[in-house]
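Chemist: Have a look at the structure that comes next, please.
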């Protein structure tokens, strides 16, 4: 049996960044939990991170990412540099290489996807999503982005609602965090 599921989305708009995730944890064909929290604030609330994949692996990756951000002696928060450093370690370290998860990290200026294959992707649009319902949420978000009246949080929330209607591994118990 394997764990499946999760949809996480990050949106930037109007000087604000929102990250949202559904709450469903599925094991095989069974929903084990409907209110899991898959996003976290890091570095005193200045960075948002979300994960898709194994929970224990994600916690390890959150900790490693935060270490990379804090490793700069000048105190500057550079999530791009930290993401590249984490991706290098994740790909080359024998223990980290076995971790099965994907991460989204975001601050007020950047949104990044980090994968275990060493990819660090910064989207062209200020939208990115991961997980089983990621493509549904992403498509919905691109459409919602055309409505200039919607905030980053509104778009993230509405996009996850769409994904929850289509993806059996995504529910509508949404946790949303926002920073500016």
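Just so you know, glycine gets a Cβ as well, placed from its N, Cα and C.
Checked Swiss-Prot, it gives:
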| type | residues | note |
| --- | --- | --- |
| ACT_SITE | 6 | active site |
| BINDING | 164, 167, 170 | Na(+) binding site |
Chemist: For residue 170 (Na(+) binding site), which residues of its chain lie six or more apart in sequence with Cβ-Cβ distance below 8 Å?
Modeler: 5, 6, 7, 22, 24, 131, 132, 133, 136, 137, 160, 163, 164
Chemist: May I have the list of same-chain residues other than 164, 167, 170 whose Cβ is within 8 Å of the Cβ centroid of the recorded Na(+) site, in sequence order?
Modeler: 7, 22, 24, 132, 133, 136, 137, 160, 163, 165, 166, 168, 169, 171, 172
Chemist: Give the number of CB atoms, excluding that of residue 167 (Na(+) binding site) itself, located within 10 Å of its CB.
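Modeler: Excluding its own Cβ, residue 167 (Na(+) binding site) sees 22 Cβ atoms within 10 Å.
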Chemist: Looking only at Cβ atoms, how many others are within 10 Å of the one on the residue listed as 'active site'?
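Modeler: I get 30 for this one.
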